[in-house]
Structure formats: C-alpha cells, structure tokens
Amino acid sequence: MKSILSNISNIDNNHLAGISLALWFILNISTLILNKYIYSSLYFYYPITLTAIHMFICWIGSVVVLRVYKLIPLVAVQWRSKQSINIIILSILFCSNIVFGNVSLRWVPVSFMQTVKSSVPLFTVILTSLFFSNIGGKKVTFTRGTYLSMIPIVGGVCVASLSEVNFNQAGFIAALASSILSAVFAIVSGLVLTQQMNALNLLYYMSPISCAILFPLGAFMELEAIINEWPLYGEGKPILILLLSGLIAFLLNTFSFLVIKLTSALTYTVSGNLKVVLSISISILIFKNETNFFNVLGCAIATMGVIWYSNIKYEEKIKLEQQQQQLSLKQLESVYEDKLDKETLLSK
C-alpha cells in the first residue's frame, strides 16, 4: 500500500486533480443510486441512521489509513484552538448536509432532488460574494462570464428534470437546505484545507464528531421503528448493502475533499452539476423513470454551461500563469542588475 501511495505522490497536481474528479463522479453517482435503492427497494426509511452508519465507516477508514498503516502523517489538532472550532463547525455542516440530502431522497425522486441541488453553484457564488470575499486574506472575485455561466448550468438541469418532478414540500425543503449547506461547506472546507489540514485528516477529526451527533439523534428518532421493522428486511442482505453504502461514502468523502483541495469550491460545485446530468440519466435507466425530449435538451444545455465555465477558468489560469512568469522575469532582471552594479562599484 505504501508503494501505491508513493506512486500517487509522484503524480503532478493537474493529473491528480483529474483522477480525483473522475473517481468523485463515479462514487458520487454510485452513492446517490445506492441510497435511493435503500429507500425504494429495501424500504429502509431512516436517513439519520443511514448517515450515522456512513460516518462511522468513514471514521474507521480514516483511522486505518492514518493510524494503522500510517500512509499519511497525522496532523495534530490542539483542541480549544481556532482550527478545532473550524473542524467542529465543518462537522455540523457536513452531517447536516448529508442528512437533509438523504431526507430528500426519502420523499422525492432522484431527478427532482438533483434539480434543486443544481442551485448549489448559485449559492456558492452568492455566499462567497457576500460573506467569504476575503478567504485566507485573498480577495475572491468572479468574472461576469462566471456569473452568466451559472444560467445554462442551473437552467439546463432544471429542464432535464421537468418530466420527473413530483412535488413534495418536505422533500423540496430538505433538498433546498442540503443545497445551501453544500455551498457553505464547500467554501469553509476550502478555507480549512489551506491551513495544513489534508483530506483524510479532516475526515478523521470530523467523522467521530458527526457520529456523536447522529447516533443519539438516530436512536431517539428512529431506533424503535428500526427494531420493529427489522424482521421485514430479511437476514444478511440489508446489512451488507448498508455497509457497502458506508464504504462508498468513505471513498466519496475522501475524493470530495481532494477535489476541493486541488481545484476550487466553485469548480467543485459546477462539476456537481455535470454529475447531476449523469445521475438523472442513470437513474432513468435503473428506476425506469419516464423521459422525453426535454430531458435530453436540458442535459445538452447544462453540458454547454459546464464547457463555457471550464473555458473561462482555463483562460483565467493561462492569464495568471503568464502574469507570474512576467513577474518572475522582472525580479530576475532586477537581481541581475543589482549584482552587476555592485560588481562595477567593486571594480572601481
């Protein structure tokens, strides 16, 4: 395993970001479909308990990686410090986001839930502009093109989901709450991850806090019903599926943090919209949802929006690299001229 980690460490950030993003897509869709299957086919209607199981397996997974095999150095956190407060805040945001997402899946189809979740980039831009414009002492601004690219992304996914919309007020409110929490979490975790706290270390500290919140809440609200209905689920299969969903959740959380760390909060949320298109398409095939021309049209519009946004970010990156190269060249010229002046004075 250490040799695998060594090979990964030799991959440059651009390639690692691409690999992480691809795996994030696969794991994200797998988690969404599997969780919907747990509700619709297993009839396990307990989102808090399901999330608690996910967090417990995430805790075990991070302990194995950080403490047992020591594949990544464990970052020590001084409790009562600013960093520990950030981790506690992130833990609350993290588990709340997942719980609300699972609640929405309980009441609404995948397509409608993902339609509402497509508003995450919009919330990210708005919240960043209003409350997080000076992240890490650096002014964060968005170009006009970035704002405009949100329109086809959000609108396209909405159009793609129109044929599947079965409105449920509880599901809608839960999905909207999950969208807002996703945006806040992406922004704040991006700030924390720049403070020497890598993905698995953050998950290592967050997951037990989330468990401490979710297990008592699940026991209070869902345990009695689970005990009464457990004989209806049969033996073996439900437990294996719940554990599998937890394992996939651990891998998803790991790669989600990596994507945020290697890219940006907005890239993360916009990529999530492309994931929405794929999720809707796959859910139609698996759950036999009705589809029509508008689904295809919406997917195409959303894809165009993602391409537009990606092109804007690429041009900004190239422009920034050129400016940095020019600055470095000027600094070298200045150093060389100073050295030449000193040598001239000494020779006199």
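Placed from the backbone N, Cα and C atoms, the Cβ positions cover glycine too.
Per TrEMBL, these features apply:
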DOMAIN    18-310  domain 'Sugar phosphate transporter'
TRANSMEM  21-38  transmembrane segment
TRANSMEM  44-66  transmembrane segment
TRANSMEM  87-107  transmembrane segment
TRANSMEM  119-135  transmembrane segment
TRANSMEM  147-165  transmembrane segment
TRANSMEM  171-193  transmembrane segment
TRANSMEM  202-219  transmembrane segment
TRANSMEM  239-259  transmembrane segment
TRANSMEM  266-287  transmembrane segment
TRANSMEM  293-312  transmembrane segment
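At the 8 Å Cβ cutoff, the transmembrane segment (119-135) and the transmembrane segment (171-193) share at least 3 close pairs (sequence separation 6 or more) and count as touching. By number of Cβ pairs under 8 Å, the transmembrane segment (202-219) is matched best by 44-66 from the list 21-38, 44-66, 293-312. Over the domain 'Sugar phosphate transporter' (18-310) the predicted model carries a mean pLDDT of 82.
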